[in-house]
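Below: the structure, in structure tokens.
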Amino acid sequence: MALTQGPLKFMDVAIEFSQEEWKCLDPAQRTLYRDVMLENYRNLVSLGICLPDLSVTSMLEQKRDPWTLQSEEKIANDPDGRECIKGVNTERSSKLGSNAGNKPCKNQLGFTFQLHLSDLQLFQAERKISGCKHFEKPVSDNSSVSPLEKISSSVKSHLLNKYRNNFDHAPLLPQEQKAHIREKAYKCNEHGQVFRASASLTNQVIHNADNPYKCSECGKVFSCSSKLVIHRRMHTGEKPYKCHECGKLFSSNSNLSQHQRIHTGEKPYKCHECDKVFRSSSKLAQHQRIHTGEKPYKCHECDKVFNQIAHLVRHQKIHTGEKPYSCNKCGKVFSRHSYLAEHQTVHTGEKPYKCEECGKAFSVRSSLITHQLIHTGRKPYKCKECDKVFGRKCFLTSHQRIHTRERPYGCSQCGKIFSQKSDLIRHRKTHTDEKPYKCNKCGTAFREFSDLTAHFLIHSGEKPYECKECGKVFRYKSSLTSHHRIHTGEKPYKCNRCGKVFSRSSNLVCHQKIHTGEKPYKCNQCGKVFNQASYLTRHQIIHTGERPYRCSKCGKAFRGCSGLTAHLAIHTEKKSHECKECGKIFTQKSSLTNHHRIHIGEKPYKCTLCSKVFSHNSDLAQHQRVHS
């Protein structure tokens, strides 16, 4: 009498290895075996063909040996007299498998699926012939073909042709045949989205109203109970899987397994295009999109496409303005967790990124990468306009705006535009008067963290930047760069009005105010205006009577540093500034500059009322009294 055929089970399609056979496989082949078995089981579950059994996935994820799989199949006969698999009669399997009469099992997606024992035996027979039973036919170490891949083409063709009419997706076929079938696209009946085989199956199950695996906390539905169990741990915070190397905890065993590869150095997933290896299959899949150029994730706001969903999610925060990450110290909010982590080092003073060459530490990884270019000297990015080279592409992009005069960053408050985003961010703080970075030594506050870092050097007395030409040391790298131009004679900053060149950009900016007549710095006491902030600062000392610069030799005090420097020459009798024309020497460089005008006949100071010119500013000031 013909028996009713039960539902297909995971063990029906599982390829088993004995303990002796298992020893013939290398680590990569064992990983491949587990991945294939896990994928097949999950596809069966997603189709509703077998009951989700956590013990099976647990065994595979925990990397237990495959011969621990214990099957409970019973053998029965179908109406044709062939042997077929009869599964355990659980409540759900009965619901899915025990159809009226002798009808074959029909899964949730509506296509007929039968797999007879005789077909499975073909697999087992071929594997034993080509495999290594009891070490009688050991696998060669030089062989690149795993036992899983040695199923003959005749057997594969037999199964493919037989079941192709029943289902196109073929989730249980060998990987080689799945590759052919995957070329065909599959469409979800709910919202029309197109998937490849496994994705379409999973997606269809999610839409199925009969799906029982729903999270009671957030309403999210899952295709199998194991995924729901893992998901629930997000709400409970449970992390039952612990790494014995470092003690780190994980919510799922698969995450632990992936993490442990950091300690072992194992990278079993290899890219066939460039031979690069990866710890996880998901990282390999992401990497392969570099070769294919595939960017499947599209922003519906601006149509920009991305090769990773994480990049799309991050990008969408630009449109929404969402900044979910808040600093618990100062309340500042960020769009990315990485930005928050970098910011928090301001409060902690932590510098986790250390240079292996010189031991210098940095709070931000990007700063370390920039610093390492000093040691390597590598500058692969070249400007086509001026041939200047840069260590990073972003530096080149910023530099090129000098040539294009592009200023894409505009202030919404005053309309001022900038070529660099960092300049705009710095400028915005002038509207708010925000100075979040405070010195814990003297209480001085700064708008920028870099300004605070530079200020710290005043207290420490540290001058880490040394000139290789003369040995002079500086607090700031920019000061060393400017100083170095004394030796090279380089003056890269040129005035477009008169062609005068300068070694510093700040000197050019000050000079250009002569042409524009701009004097933006005004004294609150007397209303006098100046074209440089330093001139205003020096002037304000007249009102306060302050003389902060004191001579350590005689105690005489001065308003400005230059006055003290000139005075110190009296004590040392040092006259280091010599005129090359006549040999006369001076204690101050400014005195030499004034003297040098006698030889060249330069008279740069002009009276605006009568156009008379003078070689010294003091002579002009004295002359202007005639008009007043």
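Cβ from N, Cα, C; glycine included.
Per Swiss-Prot, domain 'KRAB' is recorded for 8-79. Look at Swiss-Prot and you will find 213-235, 241-263, 269-291, 297-319, 381-403, 409-431, 465-487, 493-515, 521-543, 549-571, 577-599, 605-627 (among others) tagged as zinc finger.
Residues 510, 513-514, 559-560 of the same chain lie 6 or more positions beyond the ends of the zinc finger (521-543) yet place their CB under 8 Å from a CB of it.
Counting residues 6+ beyond its ends, the zinc finger (409-431) has Cβ neighbours under 8 Å at 398, 401-402, 447-448 in the same chain. Note on the zinc finger (409-431): DSSP counts are 11 helix, 4 strand, 8 coil. Sequence-distant neighbours of the zinc finger (269-291) (same chain, 6+ residues past either end, Cβ-Cβ under 8 Å): 35, 258, 261-262, 307-308. Panel annotation: around the zinc finger (577-599), residues 562, 565-566, 569-570, 615-616 of the same chain, lying at least six beyond its termini, place a Cβ under 8 Å from a Cβ of the stretch.
Secondary structure of the zinc finger (269-291) per DSSP, as helix, strand and coil residue counts: 11 helix, 4 strand, 8 coil. For the zinc finger (465-487), the list of distant contacts is 454, 457-458, 503-504: same-chain residues at least six beyond its ends, Cβ to Cβ under 8 Å. If one looks beyond the zinc finger (493-515) by at least 6 residues along the same chain, the residues whose Cβ comes under 8 Å of a Cβ in the stretch are 482, 485-486, 531-532. Across the zinc finger (297-319), DSSP helix (H, G, I), strand (E, B) and coil residues number 11 helix, 4 strand, 8 coil. As a summary of secondary structure, the zinc finger (381-403) carries 11 helix, 4 strand, 8 coil according to DSSP.
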